[in-house]
Amino acid sequence: MQFGELVKALAAVESTTQRSVMVKLLASLFKKALPEEIDKVIYLILGDLRPPWEGLELGVGEKLCLRALAKATGTSQAELESMYKKTGDIGEAARRALASSKRPGLLAFGSQKPLEVSEVYDALIKVARATGEGAQDMKIALLSSLFARSSPEEGKYIARFVVGKLRLGVADMTIIEALADAYGVRKEDLERAYHVYPDLGHLAKLVASGKPLDEVKVTPGVPVLPMLAQRLSSSSEILAKLGGAAICEYKYDGERAQIHISQSGVRIFSRRLEDITHAYPDVVKAVREAVSAREAILEGEIVAVDPDTGEMLPFQELMHRKRKHEVAAAMEMYPTVLYLFDIVYVDGEDLTNEPLIYRRVKLSEIVHESDKVQIAKWQMFDDPDTVDVFFHEAVSVGTEGLICKSPTSEYEMGARGWNWIKYKRDYKSEMIDTVDLVVVGAFYGRGKRAGLYGAFLLAAYDPSSDMFYTVCKVGSGFTDADLKKMYEILQPLKIPHRHPRVSSKMEADVWFVPQVVIEVIGAEITLSPLHTCCLGAVRPGVGLAVRFPRFTGRYRTDKGPEQATTVAEMLELYKRQKKVAQPE
């Protein structure tokens, strides 16, 4: 496939505001791709070179990209920086530079063989793998060569890709729907395979080659999509929902981790499927000593503890582990305990279809507890009063509450069902729980906030439609430093119109690709004609909103947009409020 054909499709996707049109455009593109290149097409659309757990990054910043452009076009770096500053889009700066270049050495587009998708992808792989002495010069040489062969429009998307600002916001579920349409496979079969092996490039190659998806198996070293929980606010409701009995375990305030043990060693993956092994060398060592299985996939929570008292510390303290040069110091200041709560696979046996009570037995058989690795504290209950006693015990030792689970439940990869239910402590006069919402738009600040965004339009996610529905406009709770940080992280995601996966009645001053997730609290969930979340579910023409929303200060960098609070959860929160709200 010619790269220009991919670029033409990307431009069409970028210009649409309808998700259904986006799916059709992608399906049409996939039909034209050869089986041996479909994976590369998909990786480029998603803005990645490989799946997230491989951690392959280009290592190209904006300045290096502009240096490569300067070399390819003969345009000065100062002029390119000026173009970039004026447009706010490095892709547009690249397009203009390539369109206006009169450098004799620049190969005229059209007088040569057009770029192929595979050529572009392979060149970018070489850029990513250039390391060591002279790596920067090698990256510049490879990129400038690529720009020199690009049309202005092709260069626009190459520049955006290499600095991680593609701005398409195409989600994995959108790709799955388009693949199902293009190759005539059942969307449900693709989803199941994706939950087990969440590498869309790999899966696309399988379906394009006519290979059966049922051959996709749970594999140590490849993270599965984690099972997720719903939420309720009373023990009696929880037990009723779970059939009268529940395994209740402490809900630790840490980083959820998927631990993979194989012949190649121990690897740790985040809930976003990223390899975070480098941040937890102490956990790797502790797992090697505590787990007797040759191969296993375990689920747990990594919790920071006070080195002097052993008390559990808030999740935020683990952020010190994210800076590679600070890991050694962070291990001393913020040691961790791994609390294991599930097992997905052990020594050739896929346990995802086994009941939880059986998985618990398997977990206890292979884990030899220590001060660094423990099995999450749990008990079986069938009485709400005893659940509440256990709940208060959990809160008193520093946890967030309980996770209550059906003893007979299978491990439902990627699902947020009613077999796992969060039971968290009440926030007194505020909402029952915080919500994690996606930033989809912003409003310009005034006065002290001039030059920044003063408020943000937030949305909940609907997995069934793969859409984001607005819930509130929030401007409270942000410090001056927060507002500056929000502006910086959102600028690369700025787009000229509402994203096709966003449903909104409100007109924001600025729209973004749905990507950034933040935690919000409020007075209550109320009915509102201004927002689209659960529109018509309670009353015709009226949606749900967070009343008096406030940013808690917590950036949910551990969550992707599709892991945010769902519209179904918002409806459940509304229904369980003691007082039914009236329309605003």
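The backbone N, Cα and C atoms fix where each Cβ goes, glycine too.
The ATP binding site feature in Swiss-Prot is assigned to GLU249, ARG256, ARG271, GLU301, PHE341, ARG416, LYS422. Residues or ranges marked as active site, N6-AMP-lysine intermediate by Swiss-Prot: LYS251.
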Same chain, 6+ residues apart, C-beta under 8 Å of the C-beta of ARG416 (ATP binding site), given in sequence order: LEU228, ALA229, GLN230, PRO463, THR566, ALA568, GLU569
Maximal Cα-Cα distance (Å) across residues annotated as binding ATP, namely GLU249, ARG256, ARG271, GLU301, PHE341, ARG416, LYS422: 19
For ARG271 (ATP binding site), the number of other Cβ atoms found within 10 Å of its own Cβ: 18
Inter-residue C-alpha distance, GLU301 (ATP binding site) and the residue listed as 'active site, N6-AMP-lysine intermediate' (nearest angstrom): 9
Between the residue listed as 'active site, N6-AMP-lysine intermediate' and LYS422 (ATP binding site): CA-CA distance (Å): 8
Three-state secondary structure, GLU301 (ATP binding site) (per DSSP): strand
Local Cβ density at GLU301 (ATP binding site) - other Cβ atoms counted within 10 Å: 23
List of residues, in chain order, with Cβ under 8 A from that of ARG256 (ATP binding site) and at least 6 apart: PRO226, SER270, ARG271, GLU299, GLY300, GLU301, ASP558
Long-range Cβ environment of GLU249 (ATP binding site), under 8 Å and at least 6 residues apart: PHE341, ALA376, LYS377, TRP378, LEU402, ILE403, LYS405
Neighbour tally for LYS422 (ATP binding site), based on other Cβ positions within 10 Å of its Cβ: 19
Residues that sit under 8 angstroms from the residue listed as 'active site, N6-AMP-lysine intermediate' by C-beta distance, when 6+ apart in the chain: ALA394, THR399, GLU400, GLY401, LEU402, ILE403, LYS422, TYR423, LYS424
Surrounding CB atoms that lie within 10 Å of the CB of PHE341 (ATP binding site), all protein chains: 24
Where ARG271 (ATP binding site) falls in three-state DSSP terms: coil
